[in-house]
Amino acid sequence: MNGDHVSVADSDDMKSPLLPVVHNDEPTENKTVGQHLRTIFTPNNCYIALGPLLCAVVCLCVRLGGDDTMRARNMLGVLVWIFEWWLTEAVPMPITSMSPLFLFPLFGITPADDVASSYMDDVIALVLGSFILALAVEHYNIHRRLALNITMVFCVEPLNAPLLLLGICATTAFVSMWMHNVAATVMMMPVATGILQRLPSSSVMVHPAVGKFCKAVVLGVIYSASIGGMSTLTGTGVNLILVGMWKSYFPEGNPISFSQWFFFGFPLALCIFLVLWGILCVLYCPKGSGKALSPYLHKSHLRRELEMLGPMSFAEKMVLSVFGGLVLLWMTRNITQDIPGWGSLFHGRAGDGTVSVMMATLLFIIPNKIKKGEKLMDWGKCKKLPWNIVLLLGAGFAIADGVRSSGLAEVLSKGLVFLETAPYWAIAPTVCLIAATITEFTSNNATTTLLVPLLIEIAKTMGIHPLLLMVPGAIGAQFAFLLPTGTPSNVVGFTTGHIEIKDMIKTGLPLKIAGTAFLSVLMPTLGAYVFATKG
């Protein structure tokens, strides 16, 4: 019965027109020349024209050294064009992300087939598979059940505000480890604000600790999502861009595996997370907060939310099983140099993206036992797949290939010869701070796409392993802690109305400094061991 219903719906969709028929019965008015000009010369149209205009100026006026100056100059012009559209959002970001597909061949930078191949490789497959699993988790409300169960553990009696805050933040960080930061924030913010809705509004004369705790929870969610995403390859697009560029620039080197990144990223994220919790406790959980909050927050509220969800269904258990199986396969593909993992059975032919898509496919095979014939997932539930992120990752890989093949990276790196004599302990935090500053004004992915190719050339100039600079640059690009525009996760928190920019700066600045310090210490020590950058 259900299958018949779906087939009818599908056939109706096939017969319906692709675009709605517009009937304009209103009388047309004669517009003056000035009105026509005002409709043409809008700010958005000016930003659209600015991209190719800047590209033309660079291609005609800029002079670069090197053997292949024309390709390098064209690549620089195209870069300016793409980044201007990205920054101003004159053209939708996914469309801008596809522009290398026509700009690179037209400007003689890279053949069309080579550009297109950048938009689908093992890293992109890893993203698609993990996003489908994340949609399954969201569809069956597993994230909400997980959040409520973990928060109940930390909601002790008498209420301990710092401990409850730790539970909310730790849950967010854990969820963000396995899905994109923005998705984790969007999932966890309703859970967090649902808890805060039980508190009296700020308009009522209440204890100041109530308002401060609301700020702490919202700040904790947005920052924990960013920090948790640093732990795993799937947590954020930046890590995937880094891995893809490493594979592109150094195909002879060992690819960075999921487990390898986790052994470095998790300790780093844990250190930064503990600092975040400490900052929030000091600034927003003064002594006596638990006593002020206890009349409004206790276990009975959370227990009632859990009862509304009902017992865990077969579908939820199966999605969790598939998800757990995927994480286990990710972690065991390559374990250590001495313990190769299951990936050695396939002689390097299987990657993290291979198992990601394979496990996601199981969701379309296993029945959900809710309706006869229905599976855990169907393609209709995948309409929310964030293709904008997929296209942005593809653009990042295409730009990295173009910067390298055109010779632009070598040209730009010649201006950084002075770094050859600089000690690593000084240059690593500098790279991290530069990335952390740029990322406040543009997207994390765009910052990584711009910086990492340059850092590779700087590393060659300094005679050090490229990952010693690539990793600080990529992780520094995730330290978008100061402004709402730094990352969509910040926007989600800012729109709740509980926090202001001054709250973000007050919390984010020491967090950014602490993150830079931890990264500068861990990269040449733990990172050198995990990524085998010595010798």
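In case you wondered, yes, glycine gets a Cβ from its N, Cα and C as well.
As recorded in TrEMBL:
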- 47-66: transmembrane segment (TRANSMEM)
- 78-103: transmembrane segment (TRANSMEM)
- 147-168: transmembrane segment (TRANSMEM)
- 174-196: transmembrane segment (TRANSMEM)
- 217-241: transmembrane segment (TRANSMEM)
- 261-285: transmembrane segment (TRANSMEM)
- 306-330: transmembrane segment (TRANSMEM)
- 350-366: transmembrane segment (TRANSMEM)
- 387-404: transmembrane segment (TRANSMEM)
- 424-443: transmembrane segment (TRANSMEM)
- 464-483: transmembrane segment (TRANSMEM)
- 513-532: transmembrane segment (TRANSMEM)
Contact between the transmembrane segment (513-532) and the transmembrane segment (424-443) (3 or more Cβ pairs under 8 Å, separation 6+): yes
Maximum Cβ pairs under 8 Å to the transmembrane segment (424-443) - stretch from the list 78-103, 147-168, 217-241: 78-103
Leading stretch by Cβ pairs under 8 Å, where the reference is the transmembrane segment (387-404) and the options are 47-66, 174-196, 217-241, 261-285: 217-241
Feature contact check the transmembrane segment (147-168) with the transmembrane segment (261-285), CB under 8 Å, 3 or more pairs: yes
For the transmembrane segment (217-241), sequence-distant contacts whose Cβ falls under 8 Å of one of its Cβ atoms, 6 or more beyond its ends: 123, 126-127, 130, 165, 168-170, 172-182, 184-185, 188-189, 192-193, 195-196, 256, 258, 261-262, 265-266, 268-269, 272-273, 276-277, 280, 284, 352, 389, 392-393, 396-397, 400, 444-445, 448-449, 452, 474-475, 477-481, 487, 489-490, 492-493, 496, 498-499, 503-504, 507-508, 511
